[in-house]
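A.B. asks: A single structure is presented below for examination.
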Amino acid sequence: MDFITINSSNKTEEFALKQVAKQATSSLMYRLGKTIILASVCVEREPVSEDFLPLVVQFLEKSYAAGKIPGGFVKREGRAQDFEILTSRLIDRTLRPLFPKDYRYPTQITLMVLSHDIENDLQVSALNAASAALFLAHIAPIKSVSACRIARIDNEFIINPNTSLLNQSSLDLFVSGTKESLNMIEMRSLGQKLNALEEPLMLEALELAQKSLKETCTLYEEVFTPHQNELLFKESQAIVLNERLLDLLTNQYFDEIIKGIESSALSERENVFNEIAKKISEAHSEFSLEEIEWSLEKVKKTEIRRMIIQDKIRPDKRALEEVRPILIESDLLPMAHSSILFTRGQTQSLVVGVLGTDNDAQTHESLEHKTPIKERFMFHYNFPPFCVGEASSIGAASRRELGHGNLAKRALETSIKNKEQVIRLVSEILESNGSSSMASVCAGSLALYASGVEIYDLVAGVAMGMVSEGQDHAILSDISGLEDAEGDMDFKIAGNLEGITAMQMDTKMSGIKLEILYQALLQAKEAREHILKIMHEAKEKIVINFSHLPTTEIFNVAPDKIVEIIGQGGRVIKEIVEKFEVKIDLNKPSGEVKIMGNKERVLKTKEFILNYLHSLDQELEQYAIDEVLEAQVKRIVDFGAFLSLPKGGEGLLRKQNMDRCQVVLKEGDSIKCRVISFNKGKIALDLA
């Protein structure tokens with residue numbers, strides 16, 4: 001067993017090698033403060049034949065890590081929580097570009113959180129633990145990678161803030177990469193205001209992150225290299241393409257390949273290439289269908305990249321900086337609180353907005369919070385198969401859908417003025433040809449406005465791409481699905497005219513240089529300004545139907561009156577809700593009553609509640625202490641009997657008073673009682 005301590009970027013990390021899980025290809029125990037993560041890498045020895053990287057990353061939180069027992073009926077960890085899925089994606093997107101393109105061995109990376117002290121960053125810790133375990137496994141020539149988080153407090157950037165500092169920050173920037181370049185970025189603005197960050201400041205933050213990553217990665221390589229396993233897989237698994245077949249495709253079928261490239265829809269493009277493959281297979285039996293399909297993909301990709309780099313033209317004939325045509329429609333769904341249909345080229349997002357009460361907020365359990373937290377702004381993204389012409393059923397939300405919804409939420413969250421308002425936006429992707437998450441951001445921002453939600457500003461999103469060949473590269477604005485598939489970078493950027501509120505960068509290369517990222521940021525700003533201009537024009541045409549929107553009325557009563565509004569077993573409040581068709585939130589300690597619904601019904605509900613409480617007070621005023629009266633048994637309970645009083649209202653005769661007099665009562669009996677006290681609006685009785 002070996003112990004390694006590394007000090008870098010405001011943190012002291014400890015690694016225990018060969019201590020646990022020794023049957024894995026590699027494993028380690030990572031420690032930062034009182035946060036402990038078990039990282040393991042397992043690799044199959046037989047490669048798969050399919051053309052993809054068979055990598056699976058799983059990040060798992062254990063409730064005991066924070067001294068908790070899982071909430072809910074089943075006291076065992078079950079389905080992965082959103083944070084676990086998003087963190088798994090974060091690590092996967094960082095590590096995937098590091099693998100050789102011909103690597104085909106099934107690989108599983110597992111991160112288990114065994115202890116967490118709340119203050120240390122779980123995502124940075126998990127990624128660094130995964131990176132170290134992968135580097136030690138030495139399954140292929142893979143560079144060391146690390147992560148850091150940048151916060152901004154009082155105009156000062158802070159590297160790797162703890163949770164307390166991050167809660168004070170206006171910026172949450174997560175960056176991972178090697179010592180030479182960046183290969184994954186997640187960013188969002190934080191705080192009560194919009195806090196969009198300008199491009200020059202974003203570059204400054206990224207430069208700081210790059211410096212931190214270089215320091216950490218250099219230390220990792222120096223310290224971990226002596227402990228690496230022997231290189232596991234040296235031979236190449238790359239498919240060798242037939243040169244004669246490539247010549248045949250280039251000379252005889254090139255025009256048909258160009259036709260397929262220029263097809264806008266994925267289904268249409270696939271049909272064209274399937275027909276080409278079928279035609280060649282029938283005419284040239286010496287080539288297998290698999291060989292033909294591989295070669296077709298190679299020729300297609302080479303030509304697309306050549307067009308972009310050399311001809312400065314894209315498959316759909318757009319210029320490199322050109323955004324596809326945009327059409328915005330509003331108020332399509334009469335029963336929703338808002339609905340916006342945003343169409344950009346062949347990508348179409350229908351975002352529907354609904355406002356709710358505090359009871360509608362999503363509750364989450366988290367290791368990073370001592371008590372369950374309420375998510376008041378929800379953004380759910382759905383990608384049904386028909387949006388790309390696929391004939392398959394719709395199932396549960398995928399990792400990708402959760403990730404895209406989270407990105408859109410992060411882009412819009414700080415634009416909302418009232419952070420206590422409960423809002424749910426749902427993006428239904430009806431057509432997709434790239435940049436659907438950014439279309440969701442645009443439609444979502446307008447849907448907030450159309451719902452009557454007060455916002456600081458509209459937010460627009462655009463996906464940027466890049467194609468790189470040697471020393472040459474081209475930045476693309478508003479990438480299509482084909483450009484995303486054949487390009488080297490997917491850089492989603494959202495914000496307003498002043499700056500950026502969220503961004504996400506992934507790459508298929510081992511990393512992207514800062515100067516290229518900054519060029520993409522500036523080009524994205526131009527595209528964003530163009531989109532925002534169209535969105536502002538659409539905003540002016542939106543007519544907010546305030547009569548249809550729910551309104552909220554908040555008032556206070558004496559805290560001891562809340563139980564009267566609830567009633568026995570919730571009977572009174574259920575009747576009120578059913579009668580007036582509203583939602584009611586009650587706060588017992590403060591006496592606050594919050595009613596939400598149609599404006600007219602809300603006002604009638606408030607009037608009813610106040611009149612109801614007043615009538616109860618009047619009933620009490622009719623009786624005096626020591627007054628003797630004839631009452632009727634209304635219902636028997638474990639602790640006594642509730643009696644109907646002759647002048648209205650009811651009183652409680654407690655069981656001990658009945659037992660003292662050896663009286664046995666049944667419902668409907670009449671009995672003489674004496675008023676002995678008034679307590680919190682209740683009349684206490686004794687036998688006369």
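Every residue gets a Cβ built from N, Cα and C, even glycine.
Given the structure is predicted, the values throughout are model-derived calculations rather than measurements.
This is the feature table in Swiss-Prot:
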type	residues	note
BINDING	D484, D490	Mg(2+) binding site
DOMAIN	550-609	domain 'KH'
DOMAIN	626-688	domain 'S1 motif'
A.B. asks: Could you tell me how many residues in the domain 'S1 motif' (626-688) are helical, how many are strand and how many are coil under DSSP?
C.D. replies: 6 helix, 36 strand, 21 coil
A.B. asks: At a 10 A cut-off on CB-CB distances, which of the binding-site residues D484, D490 has the highest count?
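C.D. replies: The largest 10 Å Cβ neighbour count belongs to D490.
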A.B. asks: Mean pLDDT across the domain 'S1 motif' (626-688), rounded to an integer, is what?
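C.D. replies: Reported value for the domain 'S1 motif' (626-688) is a mean pLDDT of 82.
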A.B. asks: As a quick check of your reading of DSSP, tell me how many residues in the domain 'KH' (550-609) are helical, how many are strand and how many are coil.
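C.D. replies: Summed over the domain 'KH' (550-609), the classes give 32 helix, 17 strand, 11 coil.
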